[in-house]
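Each remark here refers to the structure printed beneath this line.
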Amino acid sequence: MPRCIISHAIPDCVTMYDGTQLPLACKVTIPVEFGDVVADTEFLVTVSDCENLLGVSFMREHCQNLDFAQGMLTFNNGTCIPVRYSRRELQNCRVYTSEKCTLPPRSSALLAVRLDDGHPENRGSPSIVELVKSRLHPSCNALEAAPALMTMPEGRGYIEVVNTADSEVFLQAGIRVGVATPLRTADLMYLSETPEPEVRHLPKNSEESSTAWLDEVEINSELSKEQHQRVRDLLVECQAAFSKHSLDAGLTHLVTHEIILKDRTPVALPPRRIPPHLKDKLDALLDEMLAKHIIRPAYSSYNSPMLIVPKKDGNIRLVHDFRALNDRCVYHPYPLPHIQETFAKLRGAQWYSSLDLAQGFWQIPLRDCDQHLTAFSVIDRGQFCFNVLPMGLHDSPGSFQRCINKLLDGLTPKTALGYMDDIVVHSVTFEEQLDNLRTVLQRIIAANLKVKPKKCHLFLKELHYLGHVVTPDGLKTCEDKIAQIRDWPVPQSVTQLRQFLGLANYYHKFVDGYAGVAAPLHALTRKDIGSLRQHWTPEHQVAFDTLKKKLCSTEVLALPEFNSDPAVKFVLDTDASDIRIGACLGQLQSDGVERPIAFFSRKLRDPEKRYTVTKKELLAIVDAMRHFRHYLIGKKFEVRSDHRALLWLLNQTQATGILGRWIERLSEFRFQLNHRKGKDHANADALSRRPEGPPIFFEHGRLLEQPGSTARPGDDHDLEPDLDPTPEATARAASRRQSTLAAWRPRLTWTKTWKPLRQQPSSTTPTAAVNAWRPAWTTTQRPLRQQPSAAMPMPPTATWRPTWTKTLRPL
């Protein structure tokens, strides 16, 4: 028996010649025979599959010479043995179906194939098998399959294909479906010289640093400690599926994006100037993208502008303007899953997990012959092009959905669903959810894709998905769709009431009995109405609440339609004011009627309030498309705005900074921007001018003051004179007069002072300089005629209501 020595005194891992790390199990020393030469050789044993390599250390100790010309290896004792190598020149051969078969619609199946009989030398050799399009057999064009590495000793085998058509595909035997490309390995030596492996010990904190991404994953906090630990163990087991940094993106083999042009006239636009202070950061980012093989140097007649957008953390990102290229491209729509069918498949689930792919488009390769079309140039650095699918191309969403479909192909609808970059794993029990999540993560690893830890939400009981809330009890409408209408505050002026009625009147044909419900509110919009608070009664409050409830009900809000009817399209109305932005998503449905789908509105932040009018209007479009992305992505729709300048802004080629970033965000959508007159734009206009404030409350038929209100005496109905002559009424009136006198004192006094520009003026400073140095303003109240007393009768409200004035007081 040959002597074998096993040792466990080894490091934790070994770094191989290609940079990969392998965990080690033990070290063995065994004799290796070469002819009559026997040498004791150490081998590191790993827990994974790995070829045995005799490296430089073995050659240096036991070998004298390796003659590549003669193909001979000479050992130290003079023994010579021949070294076999091959010079195989194999040709590509066609692949045919070996038997007839029927492929069901929108499903995968194994297809029996054979190699061309004219190339027997290819049998038993590893080859790359790919599908090809056929003019003689158009039915084959509906088949999709990833390139597969196969070895067919008998010239026969099976490949997995997907029938993307909505009907069955029948194939006879002998139909050409692909081509087999043999692997050409010129001068492949069976004894290769390799660098000596570098052995290193893992640092003590390596486990902590390698699992730092785990803290970014959201795991349901209501899980037990045991369940929580099992989920973490699963994530560590499948950690190859998670992206560790911003450029850590996979490169899948499931889909290759193709760009098809209408004509071959090159699109070449000049490069933009680069701010000098960002040049170093740009060079570093380009070098990193080159190292990650995201881009490569290019020499192309095509060129698209590139923008540099600073991030909040001080870094930069690149934005590419492909609008001119998109105009030359042929658009190939890819059907997205029906949202209603997607929700139906989630019915009955108790556990939900959502996964989001990191840098989704960058994980899809771009066809080699199309890469030069994405070229962009950088001053002083030359020209580059993308190896992967960049952001901003029209067909990008379709390719991404095709990738998700192939990733989840074969899984039952009760396991996982995919809609664009959102993958939902669902199940009935915790154990099923654990198994389903493991299955999906393993598929992501096999497809060489990566998910973003920050956007992973695992083992939830409620899931926000595609504008709805999915729960074990059923489907709920997302509050964001109706919150802007449901929480509309009570109008404080006639102008605010007219804005609300403008929105309600826009959709009046969907509200049953609209005229009768809104009649009390329309009566308050007369010019001679005066103060709205003095005339607002419980009847108006009931009408206001009823109208809001009807606008949020299913009789107004419709479910979106997703079908192939070209007449069905989404319509997005947007508007901006000085305080808010608003949008209404509608759809022109198959019956020819435009119905609202959802509403969006938000308050402008302080920096945004300083934007120009055009910039605010563009912000409304950008935020609305982001909010309704799950409805609009991959579909052609219409955007309507009452700001005509946007038509020019979206077509300019010199946008920089935040405008360039917004235009780049919009480039992934296919929309037509149209101008609409303001009088026809009441729905979005009202949402952008929605007032802020708490609701008004009624008690015993009286209008109560809002919390935090600064209303003054005379504004409330409680201060109206009591005309009842009874003693009880007189006593109540006297009590109210005393309360009125106490409440007459100013409730608000404020002072505004200015700090000196240089120094405080002295007594010798001229009077003019003193007056200009520190003005102080105070607020006082005075009655229009005279201050009421306890003895005088209660005057009409209009004659005694205090007014507010601003006066100067001396220093």
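Each residue's number is its place along the chain shown, starting with 1.
Backbone N, Cα and C atoms are what each Cβ position is placed from, and that goes for glycine too.
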Which listed span TrEMBL calls region 'Disordered', if the choices are 253-276, 469-492, 781-804: 781-804
Region 'Disordered' according to TrEMBL, located in which of 60-79, 380-399, 680-699, 740-759: 680-699
For the compositional bias 'Basic and acidic residues' (680-692), the number of residues DSSP places in helix, strand and coil: 8 helix, 0 strand, 5 coil
Segment confidence, the domain 'Reverse transcriptase' (290-470), expressed as mean pLDDT: 85
